[in-house]
Ligand code: BG6
């Protein structure tokens, strides 16, 4: 007789069916900012358009501007028209617009928060939001404590019976371990950890979620996913844009804190973690936490890391300024716009495998990819000349753009002689699927409204990420200026040396 063993962590719902959020509302602090206009408002509309928001969904903007509800609604309308992914439909918009409210005030203004309370209570009555509200902090981190305190003072952070209250926090979550701990304490004193949703928008990207599908839904890859077969892994997030207009946020922060601490370490965790016992949030997070706990920076940093700052140059046929000429940056700014680091994952699976992470602004082109580069075959039964052109096998997750996966391997060049050269086999989303991928923020906002926490880093994960990065940033502080690199190139020479020292090289995506 066979017995089915039930996994208590497994939820029996059919995961192919989209789930619609229950009655709820969302309050955005920092509603006049770029993120809100370009990402949050369009994502909310796209969700509404896909029928995934409840009928009475309400969107409350909170800011200092002297706007009435209609002014706010017009701002949302314009943002949606300009940036939404899905087509504009009057009927969807009209329903969403009915739930738009605006509360005017500063973050330290008690009266404004009392008004917010009244607005939310009214929405519960008029729109049926049922006391379920999320508070989205799309604001500078310095303002987190005061807003959290106001949410506590007014009782907005406390749900009634059968209600929920959640807080959504945009990065940067601190600027080092100490500040992250302090922030976590402030937040967790008011909101229990299960009500805190820290956004790392990379986790909402379709291609990033595919990392776990590719690894754990197939038999092909996992047997060779370890140091016996893998030579090294390189993770690249390159951008061609500069930092014009972002001095307020970026100067003094730099590429490592902006991108490596969060997006790239999360990618590393997904590529290296062990198989979770299920896809239940607790199980996935536990594996990620375990692998991050085993991740350490490799020293000496003078050889294993690189940091650069872009100078003027040409990009896309246009002359572009260097960082020091960008508006708002200190004329002697030592903020790095390029960062590359080497990490080790000290587990049996990954012992001896180096992990190279790099990111930069004003690089050759915009591309994010994870390349798993394999060791050479232990023996080649060909003449040396036959394999002169053969590189190392690689599996590349093309995170963006041109989303997909590439496998690179050697193949015989057609003809009567024996010569083996690299070829690639491609999977591309555009060719294999007709559905277009949702934007990361659509997925994340919906998951948050559903209370589904898998894609949101927890407090200990965030702290661990700072712990990994802090020693490197500390060493950089006492090592002078970042090395200049010309806009439109692939970063400073030290980044090339960092790999060539070990006989390796960065992929040229
Ligand atoms: C943000 C960083 O988190 O990610 C930006 O602060 C960066 O500096 C952006 O430009 C890149 O996001 P994406 O989705 O365009 O790769």
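Cβ from N, Cα, C; glycine included.
TrEMBL labels come from automatic prediction, so no person has curated them.
As recorded in TrEMBL, the features of this protein are as follows:
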ACT_SITE  263  active site, proton acceptor
BINDING   64, 171  NADP(+) binding site
BINDING   201, 205, 239, 258, 361  substrate binding site
DOMAIN    27-210  domain 'Glucose-6-phosphate dehydrogenase NAD-binding'
DOMAIN    212-507  domain 'Glucose-6-phosphate dehydrogenase C-terminal'
REGION    480-509  region 'Disordered'
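Reported as a whole number, the C-alpha separation between residue 201 (substrate binding site) and the residue listed as 'active site, proton acceptor' equals 8 Å.
Around residue 361 (substrate binding site), the C-beta neighbours below 8 angstroms that are at least 6 residues distant in the chain are 239, 241, 242, 243, 255, 310, 337, 338. Spatially close to residue 263 (active site, proton acceptor) yet at least six residues away along the chain are 200, 201, 202, 237, judged by Cβ distances under 8 angstroms.
The two recorded residues residue 171 (NADP(+) binding site) and residue 258 (substrate binding site) have their Cα atoms spaced 8 Å from each other. Cβ neighbour count within 10 Å across all protein chains ranks 205 highest among the binding-site residues 64, 171, 201, 205.
Over the domain 'Glucose-6-phosphate dehydrogenase C-terminal' (212-507), the average per-residue pLDDT in this prediction is 95. You'll find the Cα of residue 205 (substrate binding site) roughly 32 Å from the Cα of residue 64 (NADP(+) binding site).
For residue 258 (substrate binding site) paired with residue 64 (NADP(+) binding site), the C-alpha to C-alpha distance reads 27 Å. Screening the binding-site residues 205, 258, 361 for a C-beta under 6 A from any atom of ligand 1 leaves 258. Counting other C-beta atoms within 10 Å of each candidate's C-beta, the binding-site residues 239, 258 are led by 258. For the region 'Disordered' (480-509), DSSP puts the residue distribution at 8 helix, 5 strand, 17 coil. When secondary structure is read from DSSP and collapsed to three states, residue 239 (substrate binding site) falls in the coil class. Secondary structure at residue 258 (substrate binding site), as computed by DSSP, is helix. Overall, the recorded substrate-binding residues 201, 205, 239, 258, 361 cover a maximum inter-Cα distance of 20 Å.
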